[in-house]
Every structure is written in structure tokens, then in C-alpha cells.
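A short worksheet on the structure shown next.
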Amino acid sequence: MQREIEKPRPESVGINDNEIRITSQGLIRNYVNYATSLLQERSLRVIVLKAMGQAISKAVAATEIIKIKWNPHLHQDISISSVRITNVWEPIEEGLVPLKTKRLVSVISVTLSTGEPKKKTTGY
């Protein structure tokens, strides 16, 4: 038998003020309300919604709801990529070798801006 070991995250990983990280446990309406408050109350011109794996569908849904509330004032740019994640499993019993598994996880980053982007990417 083995148990998973949680690796510490690097200290340099931070989150910007205009960034919203979407998880599979969060509620879509909370993300929409927060994004709306960033655009209205803080008067930010650009917000970025980021999600990985199973949370991607929530990111897309939240983006579409935000666009409906702000249409036609928002421009969107979507970036899709993948990240390789390594899980390490430590053996519970003595004499066994630690097990490492690698997997690819999809990542989406949706940039919403109130003005036209300076650099238009493919598919804009």
C-alpha cells in the first residue's frame, strides 16, 4: 500500500489582482460576481480567468455569463495549453520503492478586456 505525498509549492507562485482561478468546487455565480466587481468597482480593464482539468467547463460557463452581462463591451482572448503534473506515492510498508506517476492536465486561460487588445492573436 502507498500514500500520496504532497509536494510544497514554490514560493514564487502568486496570483495577480486581475486573475481569477477557477476550481471544480467553486460556484459559477461567485466567479461571475467577483469578475463583475473587478470590472465595475475596481475599474480594471483586463481580467483573466484560469482553470485546469475538470474546472475548464466552469471557466467557459463563467466567461459566457460575464460576456452576456457586459456585451458588447468585452473582448476575449483564449489560450489553451497543458501542464505535466508528477504525483509521488510513498510506500506505507518498509522495503517498497516510491511510485511516481506523470499526467498531462489541460489548462485554459481566458482574458477579458474592456478595450480591444493591442496584439490580436490567432482566432481573435
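Cβ from N, Cα, C; glycine included.
Since the structure is predicted, the reported quantities are computational estimates derived from the model, not experimental observations.
Here's what TrEMBL has on this protein:
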type   : residues : note
DOMAIN : 18-76    : domain 'DNA/RNA-binding protein Alba-like'
Rounded mean pLDDT for the residues that make up the domain 'DNA/RNA-binding protein Alba-like' (18-76): 93
Tally of residues which DSSP labels helix, strand or coil - the domain 'DNA/RNA-binding protein Alba-like' (18-76): 31 helix, 13 strand, 15 coil
